[in-house]
Amino acid sequence: MLDFYYLPGSAPCRAVQMVAEAVHVKLNLKYLDLMAGAHRSPQFTKLNPQRTIPTLVDGSLILSESRAALIYLCDQYGDEDNDWYPRDTIQRAIVNQRLFFDACVLYPRFADFYHPQVFGNAAPDGRKRLAFEKAVELLNIFLSEHEFVAGSKMTIADISLFATLATACTLGFILRPYVHVDRWYVTMVASCPGAQANVSGAKEFLTYK
């Protein structure tokens, strides 16, 4: 069983949990209370000098970036022909691009807009909201031609993006104007492994201060 240091309110943590469920990997859940400073303990700092979650431990392997963990879980534990992270080079490249879109565009813009409000009681910043909205508009374009973000089948890229948007929706972001994203989100809630835990975990984010 793999050790998994996490917080339920963390979107990247929930993405790892959903993919683990998809490939039938059991995680030994280790709740890490960041608000209490548990990530700064000597024990955790030795394990992960970045002091970040999620942190996935499989024997001597320690992964502290969620999307790297998603890829590893599929490569190491997924079936040879699993669709979560396809073996075909071109299909995999598209999945990677969508994963990096979440890592480098959507999630950072989400955090830039919402984190100051949640953790610092800041007033909403209009420019930051516009930047996040533009990222969702791009996702809407990606979803305009296919059912899922990288083609006709759900992949780890969908799961990573689903985790990010679940938190945004919990914080009041409305997907209805983005018709393709809205349609996709409904599908993810209905059919993604671990979807209900993702949605309920997103609600816990509201309690973090």
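Including glycine, each Cβ sits where the backbone N, Cα and C put it.
A quick note: this is a predicted structure, and the numbers were derived from the prediction, not measured.
Feature annotations, courtesy of Swiss-Prot:
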{"type": "DOMAIN", "residues": "1-81", "note": "domain 'GST N-terminal'"}
{"type": "BINDING", "residues": "SER10, ARG51, THR52, ILE53, GLU65, SER66, ARG67", "note": "glutathione binding site"}
{"type": "DOMAIN", "residues": "88-209", "note": "domain 'GST C-terminal'"}
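Overlay of Swiss-Prot annotations on the structure.
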residue: SER10; record: glutathione binding site; DSSP (3 states): coil
residue: ARG51; record: glutathione binding site; DSSP (3 states): coil
residue: GLU65; record: glutathione binding site; DSSP (3 states): coil
Cβ neighbour count (within 10 Å, all chains shown) around GLU65 (glutathione binding site): 16
Span of SER10, ARG51, THR52, ILE53, GLU65, SER66, ARG67 around glutathione - largest C-alpha separation, Å: 17
Entry from the binding-site residues list ARG51, ARG67 having the most other CB atoms no farther than 10 A: ARG67
Around the Cβ of SER66 (glutathione binding site), the count of other Cβ atoms that are within 10 Å: 29
Lowest local Cβ density among SER10, THR52, which the record lists as binding-site residues, within 10 Å: THR52
Residues that sit under 8 angstroms from ILE53 (glutathione binding site) by C-beta distance, when 6+ apart in the chain: TYR5, TYR6, LEU7, SER10, PRO12, CYS13, LEU32, LEU34, HIS39
Mean of the pLDDT scores, which run from 0 to 100, over the domain 'GST C-terminal' (88-209): 97
